[in-house]
Structures are given as structure tokens and as C-alpha cells.
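So the structure is just underneath, and the comments pick up after that.
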Amino acid sequence: MNNQSRQALWLALAGSIVLMIGMGYGRFAFTGVLPLMLNEGLLTLHEGNLAASANYAGYLVGALLLARVQPGAATRLSIISAGLTIASLALLAWVSSPWTIITLRAVAGALSAITLIAGSLWLLEHMGHHHGAPLLYAGVGLGIFISAEGIALGHALSLTSQQIWLLCALCAGLLLALAIRWLLTPPAALVRVSHVETSLPASGSDTRRARGDS
């Protein structure tokens, strides 16, 4: 793999990490931790349902807030929303009030929508790296998988729900640290990966046929 290909891969991976944090950790990790929070008495089933509903409502609000956002703001929004998502995960390790938890889940929902939109705008529009779209959107599934495995590990180690939230925040923070350099890459630095045109072999055949005809 040459330098151009590596650069393109890392840029796509950086965008993917933004979605891993916002969607995989910020939105879907709650599903894996909720049963433990119920067992510990941090939330009742009704309060857990309210927290989930608040997250959905927050997602809608976050999407609407970015309805008119410009690609030039995507870098800042990607980093800030991912960072705030990590902060919301860490706060869940310290709070025990049901309504505070519900509020944090609403905020996390808004941030998950912002990371999805901002991460997409950053890679596809601001950086102009359209070929990175498959890896970018794979970040949602990868984030769900990685966070679920971390939560399963926490269960296996008999961690409390608050300790698991802290583990999620730590893992998401490490991911952001890995991506931050590439998220700060200026658009002019992107070297587009050259693609071999499928017409080249045909053109070569046409040339040989032309020579044979002459």
C-alpha cells in the first residue's frame, strides 16, 4: 500500500471513529448496560424506558439542529460532539439520580445525531473523500460491536454499571485520540487515490486491432 492509499484509508477510518463514538458508544451502549443498572436499582424499568425515549428525542433534535450546517464546520463539530459524547459516558459513572441519567441520555442522543451528520460532512464534503463512504458508515456497526464486547468484558469481570460506563468512556477516548490527527487534516492535503480506469484494457485491445487492420 502506497502513501496515497494509506492516507485515504486513515482519513476514512477517522470519520468512521467519529461514528463509532457517537453511535456505537453514545447511542447503543446503553442497551447493554441497562439490565445491570436495573439490577443495581439505579433505574426502574419505567425510568429506563424514559431514558431510551429521551435518547430518541435527543437524536431528532440533534439532526434538526444540523439541518443547515456547512461542510466547513464539520471538523469542529466532529471533534466537539465526539468529545462531549465521551464526557457524557464518563458522567454516567458518577451520577445516580434517575432524572440526571435521563437528561444525559437525551444529550447523548443529540450528540449521536451530530456525530453522524458532522462525520459524514467532514469526510465526504469537507475532505471530498467519497470513496471512503463504505468504511465511514461501517463505523456504526463497528462501534456497536466494540462497545458490546467491552460491556460483555465488564460483566465477566463483575464490574458495576458505573465502572462499565467509565470503561466505555476510556475506550471511546482512546479511539478519538487515534483519530484526532487525521480529523485536523486540511482539505488541501488530501491526495486522491488513483483508480485504474476499466477502459484501459479495452483501449489497449482497440489499439492492437487498429494496428492489425493497418
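Using N, Cα and C of the backbone, Cβ positions are placed for all residues, glycine too.
TrEMBL: automatically predicted annotations, no manual curation.
If you look up TrEMBL, you'll see 9-30, 50-67, 79-96, 102-124, 136-158, 164-184 marked as transmembrane segment.
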Among 9-30, 79-96, 102-124, 164-184, the most Cβ pairs under 8 Å with the transmembrane segment (136-158) come from 9-30
Among 9-30, 50-67, 102-124, the most Cβ pairs under 8 Å with the transmembrane segment (79-96) come from 102-124
